[in-house]
Amino acid sequence: MKTGNQMVETDFTLLGLFQYGPLDSFLFIAIAILFSVALTGNITLILLIRMDPRLHTPMYFLLSQLSFIDMMYISTTVPKMAVNFLSNSKTITFLGCEIQTFVFLVLGGTEALLLGFMSYDCYVAICHPLRYPVLMRKRICWFMVMCVWASCSVNSLIHTVYIFQLPFCPSQLINHFFCEVPSLLPLVCQHTSQYEHTVLLSSLIILLLPFTAIVASYACVLTVVFQMSSGKGQTKAISTCSSHLLVASLFYMTTLSTYTMPHSIHSPQQDKVVAVFYTMITPLLNPFIYSLRNKEVMGALRRLFVRKM
């Protein structure tokens, strides 16, 4: 909140996913279980990829990055939401809200771009298998990942610094279970239409462009797959890419619906429900979709159990 030319930093109050009431303890336990399962699944997948030499390929390197992002992603929002179910104070400090917004934007943008690169990896592996070792060599993979992290960090820093220097209204109630740009805009005491255009442009670049690239990649992949004479080859190719397409669709559809609409037509309750998908459901499903639908990962898991026994 601004007074004169000074910024007065005050705590925000998070209204939460649901109205707090007698089911708080049950909701805390349910969310804690989901958080633990998601964290365990992603950590297991990271360790499995690191420990099994057969999984030291570009595809699994990118997958390990995705699991790391999901592990951090769910850790950024869910613990505070769960604690609020048992706490009398639902507040978050100005600095805490600022940090949460920045980290969330970095991780969300990085995941969006990384999913695009994963579809490119799938496209090269199936459509240009002879060139795959050259196009997806280790140095190029590291370069892509570092560029994604750096660009999303800069973009998130710009958005975070800008929105938190705006004047906030005296009411510090955030109708959400964590701090993110769309939930903060209703608290700003000035017109934000120009800034919303900037948010829309960033969303189109970071969300829509990779999603378009994914759709184009899979169109090419399906064309090549259905030209294969081997039914086994078709099955393997479709199995490899279908899990990625499923996760990508869930992530992009929910985030696009939140970040591309003007805040004047947002429904807070709808935003919170949609946010559950890209903050909790996607990080929870990713490791299981990629492992249960992937014979190489399941094989690595069996080999690990055999070695331990």
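For all residues, glycine too, the Cβ spot is worked out from N, Cα and C.
The domain 'G-protein coupled receptors family 1 profile' annotation in TrEMBL covers 41-290.
TrEMBL lists 26-48 (among others) with the feature transmembrane segment.
Annotation source TrEMBL lists transmembrane segment at 60-79 (among others).
Positions annotated as transmembrane segment by TrEMBL: 99-120 (among others). Long-range neighbours of the transmembrane segment (99-120) within the same chain, counting only residues 6 or more positions beyond its ends whose Cβ lies under 8 Å from a Cβ of the stretch, are 59, 62-63, 65-66, 69-70, 72-73, 76-77, 80, 92, 144-145, 148-149, 151-153, 155-157, 159-160, 163-164, 178-181, 184, 206-207, 209-211, 213-214, 217-218, 241, 244-245, 247-248, 251-252, 255, 278.
Annotation source TrEMBL lists transmembrane segment at 140-164 (among others). Beyond the ends of the transmembrane segment (140-164), by six or more residues, the same chain brings 58, 61-62, 65, 94, 97-98, 101-103, 105-106, 109-110, 113-114, 117, 181, 184-185, 188, 195, 198-199, 202, 206 to within a C-beta distance below 8 angstroms of the stretch.
The list of residues near the transmembrane segment (200-225) in space but at least 6 beyond its ends in sequence, with Cβ under 8 angstroms from a Cβ of it, reads 109, 112-113, 115-116, 119-120, 122-123, 126-127, 152, 155, 159, 233-234, 237-238, 241, 245, 248, 252, 255-256, 259-260. The annotation transmembrane segment is assigned in TrEMBL to 200-225 (among others).
Look at TrEMBL and you will find 237-253 (among others) tagged as transmembrane segment.
Annotation comment: TrEMBL describes 273-292 (among others) as transmembrane segment.
Looking at the domain 'G-protein coupled receptors family 1 profile' (41-290) alone, the prediction's average pLDDT is 88.
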